[in-house]
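Read the structure below first, then the notes.
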Amino acid sequence: MSDSIHPASTSFTDAANIKPDDYERLYRESVEDNAGFWGRIGERLEWFTKPTRIKDVSYAVEDFRIRWYEDGELNVSVNCIDRHLGERGDKTAIIWEGDDPADSRRISYRELHAEVCKLANALRNLGVKRGDRVTLYLPMIPETAYAMLACTRIGAVHSVVFGGFSPDAIAGRIADCGSKLVITADEGLRGGKKVPLKKNVDEALTRAGTNCVETVLVVKRTGGAVDMQMPRDRWYEAVVDGQPEACEPERMGAEDPLFILYTSGSTGQPKGVLHTTGGYLVYASYTHECIFDLKEDDVYWCTADVGWVTGHSYLLYGPLANGATTVMFEGVPNHPDIGRFWDVVDKHGVTLFYTAPTAIRALMREGEEPVRKRSRKSLRLLGSVGEPINPEAWRWYHEVVGDSRCPIVDTWWQTETGGILITPLPGAIPQKPGSATKPFFGIQPAIVDAEGNTKDGATEGNLVILDSWPGQMRTVFGDHQRFIDTYFKTYPGRYFTGDGCRRDEDGYYWITGRVDDVINVSGHRIGTAEVESALVAHEKVAEAAVVGCPHDIKGQGIYAYVTLNAGEEPSDELRKELVQWVRKEIGPIATPDHLQWAPGLPKTRSGKIMRRILRKIAENAPDQLGDTSTLADPGVVNSLLEGRMNR
Ligand code: PRX
């Protein structure tokens, strides 16, 4: 059933940017002459100095480099704003839809230009220079877009921290990249509830390593009371007021840093994924145009928060570089009621809609009626991102949300990849529910076994990418060796994605999920190591092991095994306290769904925790535990199985 094929309708295909016959030919060209292909695609941007050296890449560990458009010079804000002013000055760049349905605004490219320039001037006056890092901890409001673009205008490197992260998590990210300035808001507003953003920043700035911050700019969103510490804290409105509406853009090298975005890995603390200027923008804009079949009059809505990479590449940079109208939504899908997404679609005439499987599953649970009650006739294409979409959710999305009329692009990519790598091109590649289908132009995926041998034909294994693409991350901020070790050592000469994958007899790719110690909760990455270190930081905890477990809505949930210090007694109260503790240490997205007391953990004789066994216990699959004979104490397994029953 899940292999049923859905070609796009002829009316879609006839008007599509990439036609059925084009894909194979263009794909072949793109890999046979990769540099030539990306050289031509690079011309879509406006460069101060056109690049002549298109590609210089070596994945060999001893001679490692990734450089694209190296000698080109450009500015991202010029590409996202200024160059549209001639023909699209009055076109809406951003439709802002507030948490409250009565609250919305349209911002034209001309207005966007003025706002970005004013803030860029203000930042320069505050001493922010090219290369300086700026942390943004903001809700989904227009000022967030202004702030990101203003950083790019003056060559500052932004690091957006998702508004759901805790003071500790903010502090870690500020300290790691040494931010000079933080931009936040008094409070965020989501689903009618207030989020104390400024207060969280205040707390973060009391932590070690955050004394790099000289200034905190505060946007007034709710008008709630905040504690302004002078001279550090300044109101955004006050510093921007009276600034000129023009600002000379910095000429940036293509390989100059554009932004840092922290993401979880299988070990240690989150790493600062660094993207650079030229290649990233070429890749984000080109993929956005092809994959979403973008046309001049489209109203495009990506529901992701700008705190994640999807919000960077496909809410802001890709769409604006393409001169599109992009919707920015402050709220949540179920406020004021479960039909909010479709109300917004009808209100603004959204044509292209991009969301995550977790949202689709949550809406699906509420039945068809809230969807059917709204027209949705403007929709012509749907997208999915962040985790595998199960075929049932795919069908519901297709039949109910899209009235069986809209193709679905199931887009596979990662924070590290900067843009989409495996996806249908909606007019050219027939879809199969649950499959990300085929590689985008220039992308060469391969499937390998544990030893790194390439597996041909219909097969399953680990997903690697054989060659670079312009949107690829360039380094882990401050730790280049970690970048090489994490992605290029497991399978030398290839980029290791961390994902498992199946390829079927039609050459379609099916992502099966992470094969490392990363959990994908509602499309957000959480490192097991992060949750474990939060748990062991509690005074009563001796040891903790965390694994993912199946979850109907979130895709994966967090399952924690906790060993208490000698003398401590397990209790329901302590369980609640530990769950709250993790929320506080990392943020609500890391809240454990299950917490099981573990008198002991399954370890090998060398002391390594066998997570495979813990995963199977969490999944309640005791018959699939596999070989347990290498455990130092095989008896541990039975006591954990019993403990699970009594959880
Ligand atoms: O496991 C894959 C899953 O999300 C991971 C990347 O997470 P992150 O860096 O947070 O970026 C999410 C948004 C791009 C991948 O390693 N993933 C992402 N998209 C898909 C997916 N899994 C299956 N199908 C997808 N379409």
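Just so you know, glycine gets a Cβ as well, placed from its N, Cα and C.
Feature list (source: TrEMBL):
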| type | residues | note |
| --- | --- | --- |
| DOMAIN | 23-80 | domain 'Acetyl-coenzyme A synthetase N-terminal' |
| DOMAIN | 83-465 | domain 'AMP-dependent synthetase/ligase' |
| BINDING | Arg190, Gly191, Gly192, Lys193, Thr310, Asn334, Ser522, Arg583 | CoA binding site |
| BINDING | Gly386, Glu387, Pro388, Asp410, Thr411, Trp412, Trp413, Gln414, Thr415, Asp499, Arg514, Arg525 | ATP binding site |
| DOMAIN | 530-608 | domain 'AMP-binding enzyme C-terminal' |
| BINDING | Val536, His538, Val541 | Mg(2+) binding site |
| MOD_RES | Lys608 | N6-acetyllysine |
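For Lys193 (CoA binding site) paired with Gly386 (ATP binding site), the C-alpha to C-alpha distance reads 25 Å. Among the binding-site residues listed (Gly191, Pro388, Thr411, Val536), Val536 has its Cα nearest to the Cα of the residue listed as 'N6-acetyllysine'.
Taken in sequence order, the binding-site residues Gly191, Gly192, Pro388 that lie near ligand 1, meaning a CB under 6 Å from one of its atoms, are Pro388. Calculated from their C-alpha atoms, the gap between Val541 (Mg(2+) binding site) and Thr411 (ATP binding site) amounts to 40 Å. The Cβ neighbour count for Arg583 (CoA binding site), using a 10 Å radius over every protein chain in view, is 17.
Proximity note: of the listed binding-site residues (Gly386, Thr411, Trp413, Thr415, Arg514, His538), Gly386 have a CA within 10 Å of the CA of Ser522 (CoA binding site), given in sequence order. Here the candidates are the binding-site residues Gly192, Thr310, Asn334, Val536, Arg583, and by Cα distance the one nearest Gly386 (ATP binding site) turns out to be Thr310.
Summarised as a single figure, the pLDDT of the domain 'Acetyl-coenzyme A synthetase N-terminal' (23-80) averages 98.
In this structure, Gly191 (CoA binding site) belongs to neither helix nor strand by DSSP; it is coil. Within 10 Å of the C-beta atom of Pro388 (ATP binding site) sit 21 other C-beta atoms, taking all shown protein chains into account.
Maximum intra-site Cα distance, CoA binding residues Arg190, Gly191, Gly192, Lys193, Thr310, Asn334, Ser522, Arg583: 24 Å.
Residue counts for the domain 'Acetyl-coenzyme A synthetase N-terminal' (23-80) under DSSP, helix first, then strand, then coil, are 27 helix, 11 strand, 20 coil. Checked against His538 (Mg(2+) binding site), the binding-site residues Arg190, Gly191, Arg514, Arg583 differ in C-alpha distance, with Arg583 being the nearest. When the binding-site residues Val536, Val541 are scored by other C-beta atoms within 10 Å, Val541 scores highest. Rounded to the nearest whole angstrom, the C-alpha distance between Val536 (Mg(2+) binding site) and Arg514 (ATP binding site) is 24. When the C-alpha distances from Arg514 (ATP binding site) to the binding-site residues Gly191, Thr310, Asn334 are tabulated, the minimum falls on Thr310.
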